[in-house]
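Peer 1: Handing you a structure now.
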């Protein structure tokens, strides 16, 4: 389609079919939600007109359809039609890069004793480096995510990863704690591009039927990175010093930056905009267009991104309760990265490298959740469809299981972490704890995404910001809490807090459908969807009539002449 005028559309072709369109989300580890929308071929990550991204969806009816630039079924320019090896390589690149960014958040904790000794600061002050890193991830995700809608994935990845890599150097060479804390914030701000945009890139590359598998493979990296960080950082700090925890991540970030340079553009709206501009330039015909030519300014996008998530977070019951629940689970997980060094380092007198090994239980639990994805998928699909689709509450069925596993693991850890109990017991306790946390993050995010459809990005952005803030602040209380209350009582309180929140997923599993119907925003979304479906049907009817008329015209132009008994068709 690049060099020739597009052929006349056929009413049965994919060009005018209704497809499930993947709407991009800005959360780390969520499968992009799907909504049925009228469009003119390739499923991609563009949103509806009211979506947070600001990119409109659907054919622009005032334009001439013959001059619309779009992907053909087997178009090699469509990222979904790339060779399998190229798709796998691209997914590996973003998985490794995301792992590097997330790993840097917790590898820092292994070097805290060295920083305390060199800079003569308290443990609470040292933990601020972790706190501000998580705050940087939260702020950066909200700001950087819409930039890919304006300029494409590739330039945003390149610029942000270059800044992230460069800002690791000042941390490794820092002469005071203030410099480390501030630099880590801005480094995380830039690195958040991998956390927020990677799910969208996977949706760019992988067709719907294989997307769940792709996301499970991708999740292995970022979901286990928090556990790998202290493990790697512990041995590095023990043998090379705390500054080498930064140097090692700098090496990994350099490799990631080089790899990202090899990552082509995958965002379909950007590719189609460039293709349409190229056609206009080559032919001199301004009628060539793509449905993504009309873009909102970055100011408009940021205004929507910065306002709607917070409005939904305080007005939507689903967002209010699920933001609270996920934030508490997330913050207790990050508190473990302060508690484990106290329990295994100070109480059991393990060296930093072996303290890092104590996180293996959490890592095994996370792997277990990912490995059980086919079983969870079967559980989800066993629910009765709602309007032809599995209801969002089916996702909550998995969260209900996870909601019990996480506090049980925390409670076992609380009463086995002291030196009078064998060391293997608290490590084993990390298995249900890690499995529960991972399942909550994946399936709670999917529940929010499927509940809010085109507003999923806003719901998930608010969830990400709140959980990152609480996940960064709560670890500050860890040293004092474990010191004054002791590991048994401190762990019991955290477990009791998680137990107290168990009713939230169970209530939404049973009554979530009613709650969704009572939401004004979801009702408005459904009304907009009905209008969109009406437009789609009207467009398809007009196209069918046009094709019928053209066939009649073609038949009328065919004249049969029979001279001397011979048939001659003109």
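A Cβ is built for glycine as well, from the same backbone N, Cα and C atoms used for every other residue.
Here's the feature list from TrEMBL:
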type	residues	note
DOMAIN	83-515	domain 'Major facilitator superfamily (MFS) profile'
TRANSMEM	84-105	transmembrane segment
TRANSMEM	125-144	transmembrane segment
TRANSMEM	156-175	transmembrane segment
TRANSMEM	181-200	transmembrane segment
TRANSMEM	212-235	transmembrane segment
TRANSMEM	247-272	transmembrane segment
TRANSMEM	318-342	transmembrane segment
TRANSMEM	354-373	transmembrane segment
TRANSMEM	394-415	transmembrane segment
TRANSMEM	421-443	transmembrane segment
TRANSMEM	455-477	transmembrane segment
TRANSMEM	489-509	transmembrane segment
REGION	531-558	region 'Disordered'
COMPBIAS	531-552	compositional bias 'Basic and acidic residues'
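Thinking about packing and proximity, how do these listed features fit into the structure?
Peer 2: Looking just at the domain 'Major facilitator superfamily (MFS) profile' (83-515), the mean pLDDT is 87.
Sequence-remote contacts of a segment are chain residues at least 6 beyond its ends whose Cβ falls under 8 Å from one of its Cβ atoms, and for the transmembrane segment (125-144) they are 26, 101, 104-106, 108-109, 112, 115-116, 156, 160, 177, 180-182, 184-193, 195-197, 302, 305-306, 309, 334, 337-338, 461, 464-465, 468-469, 471-473, 475-476, 478-479.
The list of residues near the transmembrane segment (156-175) in space but at least 6 beyond its ends in sequence, with Cβ under 8 angstroms from a Cβ of it, reads 97, 101, 104, 140, 144, 147-148, 183-184, 186-187, 190-194, 197, 243, 246-247, 249-250, 253-254, 256-257, 260-261, 263.
For the transmembrane segment (181-200), the list of distant contacts is 24-32, 45, 94-95, 97-98, 100-102, 104-105, 108, 128-129, 132-141, 143-145, 148, 153, 156-157, 160-161, 163-164, 167-168, 170-171, 174, 215, 218, 222, 267, 464: same-chain residues at least six beyond its ends, Cβ to Cβ under 8 Å.
Below 8 angstroms of C-beta separation, residues 28-29, 31, 91, 94-96, 98-100, 102-111, 195, 198-199, 202, 205-206, 245, 248, 333-334, 337, 340-341, 351-357, 359-360, 362-363, 366-367, 370, 373, 377, 434, 438, 441-442 of the same chain, each at least six residues beyond the ends of the transmembrane segment (212-235), sit close to that stretch.
Sequence-distant contacts of the transmembrane segment (247-272) (same chain, six or more residues past either end, CB-CB distance under 8 Å): 42, 44-46, 55, 69-71, 77-79, 90, 93-94, 96-97, 100, 103-104, 107, 148-149, 151-154, 157-158, 161-162, 164-165, 168-169, 172, 200-201, 204-205, 232-233, 236, 240, 290-292.
For the transmembrane segment (318-342), the list of distant contacts is 106, 109-110, 112-113, 127, 130, 134, 226, 229-230, 312, 352, 355, 358-359, 362, 406, 410, 433, 436-437, 440-441, 444-445, 447-448, 451-452, 459, 462-463, 466-475, 477-479, 482-483, 487, 490-491, 494, 497-498, 501, 504-505, 508, 512, 515-516, 519: same-chain residues at least six beyond its ends, Cβ to Cβ under 8 Å.
Outside the transmembrane segment (354-373), and at least 6 residues removed from its termini, the chain residues within Cβ reach (under 8 Å) are 110, 212, 216, 219-220, 223-224, 226-228, 230-235, 336, 340-341, 343-345, 402, 409, 423, 426-439, 442.
Same-chain neighbours of the transmembrane segment (394-415): 329, 332, 365, 369, 376, 379-381, 383, 421, 425-426, 428-440, 443-444, 446-447, 450, 487-492, 494-496, 498-499, 501-502, 504-506, 508-509, 512, counting only residues six or more beyond its ends whose CB sits under 8 Å from a CB of the stretch.
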Peer 1: Let me spell it out: take the transmembrane segment (421-443), skip the flanking residues so only those 6+ beyond its ends count, and list any with a Cβ under 8 Å from a Cβ in it.
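Peer 2: Same-chain contacts beyond the flanks: 28-31, 219, 223, 227, 325-326, 329-330, 333, 336, 343-344, 348, 358-366, 368-370, 376, 395-396, 398-399, 401-410, 412-413, 415.
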Peer 1: Taking residues 6+ outside the transmembrane segment (84-105), which of them lie with a CB under 8 Å of any CB in it?
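Peer 2: Long-range Cβ neighbours of the transmembrane segment (84-105): 28, 130, 133-134, 137, 157, 161, 164, 168, 187-188, 191-192, 194-195, 198, 201-202, 205-206, 214, 217-218, 220-222, 224-226, 228-229, 232, 249, 252-253, 255-256, 259-260, 262-264, 266.
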